């Protein structure tokens, strides 16, 4: 698989003379090489980023194919995904990662039951670009290749997040440097998987609980501007992927993180031309009586769907105790909202859940379906 040469994007022209295939060759503030190696032509992606793409004499790069038709055909299978798609949705998916690929019980369930995969960790910044301009694709590639081989859609998770962030990024305090680093990282990732990712979580967990921006290197150095920088870079790299803003605690309709945070800010950013296609609600839910039980999800999803975005999705669903009624409540909430295109549960089995004491998933520690699984199947 091709490794983009964007790793050279910040190298001075004097050192390299010409930019390599897929390397940066222009844009506002660019001082590096502005001509491309033989067999490539410099093409402007936007005002701040030009890239060496295959061709000669000014030809365009190959047009990426749409990742998913807007109206998927009915599925003829019998698992969760098939039944959910037959209700008009795009997918019922799960998270997994490269370290799960040798677990036969898990992969067999994924193949039979789920239609979409999210990398749990291997697409996060510390895994992909642990040091500046040094990219490590092996683990992320393994999951994408598994998904492609088995006909599964992919959600890319995540391009910008304050956590699992290398120190070399966290320590940046210069606006221009951080802008270039974001553009380079986002472009490298989205370009590599262009045409293979249905939805990208472009920015993840950027809001504090009061709806303000979370304090992070991105907000401290760039203010709100990092959102537009990241989304525009992602759109330029893959015009067909759906671009999401993703967060947790979006499960109560009148909570500030939903109202003053997600809905208000997204509407403002979309009005400014920032290409935000969707809102992802993680939905790490509590048991009844807890802070954010499943009973709040229907109204919360309606509040999110009222934002000026094309679609919404439940992106990391797990529910403490895995009550059958709670899972059916969430599934029905998505079914009743046309903008809700899919549900992803955050893991296959309680044996590998990040909430091991809550037993929050659809399969138990022995990879056997629980009552919640049966209830969803019956509801569909």
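In case you wondered, yes, glycine gets a Cβ from its N, Cα and C as well.
As the structure is a computational prediction, the values presented were derived from the model and not from experiment.
The annotation active site, proton donor is assigned in Swiss-Prot to 205. For residue 205 (active site, proton donor), applying a Cβ distance below 8 Å and a minimum sequence separation of six or more within one chain yields 161, 162, 163, 214, 246, 247, 248.
For 316, the entry in Swiss-Prot reads active site, nucleophile. When secondary structure is read from DSSP and collapsed to three states, residue 316 (active site, nucleophile) falls in the strand class.
The compositional bias 'Pro residues' annotation in Swiss-Prot covers 61-75.
Counting only same-chain residues six or more apart in sequence, the Cβ atoms lying under 8 angstroms from the Cβ of residue 334 (disulfide bond) belong to 89, 301, 314, 340, 342, 343. When secondary structure is read from DSSP and collapsed to three states, residue 334 (disulfide bond) falls in the helix class. According to Swiss-Prot, the disulfide bond annotation covers 334-340, on the basis of similarity to another entry.
Summarising the annotation, Swiss-Prot assigns domain 'CBM1' to 22-53 and lists sequence analysis as the type of evidence.
Mean model confidence of the domain 'GH10' (74-379) amounts to 97 (pLDDT, 0 to 100 scale). Taken from Swiss-Prot, the feature domain 'GH10' covers 74-379.
The annotation region 'Disordered' is assigned in Swiss-Prot to 53-80.
Among the features that Swiss-Prot reports, signal peptide is placed at 1-21, with the record citing experimental evidence.
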Structural state of residue 340 (disulfide bond), classified by DSSP into three states: strand
Cβ neighbours of residue 316 (active site, nucleophile) where a neighbour is any other Cβ within 10 Å: 24
